[in-house]
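What TrEMBL lists as ATP binding site is Lys145. The compositional bias 'Low complexity' annotation in TrEMBL covers 21-39. The compositional bias 'Polar residues' annotation in TrEMBL covers 56-73. The compositional bias 'Basic and acidic residues' feature in TrEMBL is assigned to 428-447. The domain 'Protein kinase' feature in TrEMBL is assigned to 116-401. Positions annotated as region 'Disordered' by TrEMBL: 1-87, 428-474.
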Amino acid sequence: MNTAEAKAPETSKNKISFSIKGRASAAAAEKAQPVAPKPQTTSEGPKKLPVAVSPLVQNSIPKSRNYEGNTRVDTVARRPSPPPVKVEKVKKKRIKARPELSEDFAQSESVYYRKTGNDSVVGSGTYGKVYKAVHVYTGSPVALKKIRMEGERDGFPVTAIREIKLLQSLNHLNVVALQEVMVEENDCFMVFEYLSHDLTGLLNHPTFALTSAHKKHLAKQLFEGLNYLHDRGVLHRDIKAANILISNTGELKLADFGLARFYQKHAKQDYTNRVITIWYRSPELLLGETQYGPSVDIWSAACVLVEIFTRHAIFPGDGGEINQLDKIYNVLGTPSRSEWPGVDELQWFTLLRPRQRIPSTFAEKYQSRVSAEAFDLLSAMFQFDPTSRPTAADVLEHPYFTVEEPEAEQAVLLSELEGDWHEFESKALRKEKEKQERDARRREKEGAAAAAAGEKRKVEEGSAGGEAVKKAKVGAAAAAVAA
Ligand SMILES: Nc1ncnc2c1ncn2[C@@H]1O[C@H](COP(=O)(O)OP(=O)(O)O)[C@@H](O)[C@H]1O
Ligand SMILES: [Mg+2]
């Protein structure tokens, strides 16, 4: 391709970017709108329309200079124009030098440069892929989340519209910022600020380990973010480690609002219970509850907290509802009616009623693995009765955050971590490791088989050699006899 042609200013013409409400680009667009011209008035004040008068009188009244017949003419245009005021042109200095683009950037067809093929992929999920890219002029990194259009019969997917609208109404340090929505050729992208890691990637990092103070800081930010959402009347409905982004200076931001929605704070309403990745789904949702609130996010956040503390998921089920409930019962015990009033009224309670009473093993499993206050906090969040769980604001007031040592400390050291760690990269690493292990096992097997074959051949050759010797001996003996 001709590089001169491919320079971003020309090619960025293909790009239409818009944002629905409130952001800077929308404000700029508004400013650029042509302003409706104001009606021009003279210093004498507004002119009155001519009043219909009798033809006799009409002739005697001199016609206003501002009317031709009954049509008003522009008064200002007819006046001799005032002497021109000399406006001195102020030469503005260019504040920034015209940016020099590197070769890659200059060749980029988009204003957001990204490496070709799969090299720039940092996530791949329900919607499609998420790419890491760089704004060629500002140099700031962004995440481009492609909106999957295939199979959409009704144009732009409504789920994406919901996600965009929600994100545009949010503005908090612990919620990922949507910068704009971009249409490029046939693709549509949400453009986000870029964060180097997500919690799954970090927790699966082969060497990096968080201190207790770092963990507390991450936990704090998680509940600050949730508190903001719940306060604004938003349920996230997909809190899990892969949807929690972490910057290379230890800032945490909630992401993936694909399942989020506004909820009625003071009225009960029905919502779908098929939300939240199943390992993080609360027992009331698993039992068919449709009138739920922020406490479903608190349950998921408690699961994430356990992962932050131990690096392991607390309820890793096989993907089915029954098995998921079993996983929960095996740790927390089966719920009793006294601790969860109304449990037997849930839609699927009878269907999924536990076959036997199981006692809780939670303390046995976790008390020694987390601090005393952290254990207390987790126990409160893992209550079966959703109305007994603390709110995000309550959680932030818990002694784990306010009293217990160590104090929360931002994981700024993450800046020294090499590479970007998202679920995607950690999965790739795991796959690579598994492949290497498989290869090593195969080589070992092949080696063993080859060794065994070698032995066998030796043995066979040994016996064949023996035969030959025998034959030779027999032959020699026969010859001797003959002689
Ligand atoms: N702003 C971002 N910066 C860096 N990585 C991101 C960003 N947004 C998403 N990702 C990565 O992409 C993955 C998928 O994005 P997500 O929004 O969760 O989409 P999906 O709905 O497909 O799960 C995330 O788990 C995360 O690893
Ligand atoms: Mg996701």
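Just so it is clear, glycine is given a Cβ too, placed from its N, Cα and C backbone atoms.
All TrEMBL annotations are machine predictions without curation.
DSSP assigns the residue listed as 'ATP binding site' to a strand segment in the three-state reduction.
Across the residues of the domain 'Protein kinase' (116-401), the predicted structure has a mean pLDDT of 94. Helix first, then strand, then coil: DSSP counts for the compositional bias 'Basic and acidic residues' (428-447) stand at 20 helix, 0 strand, 0 coil.
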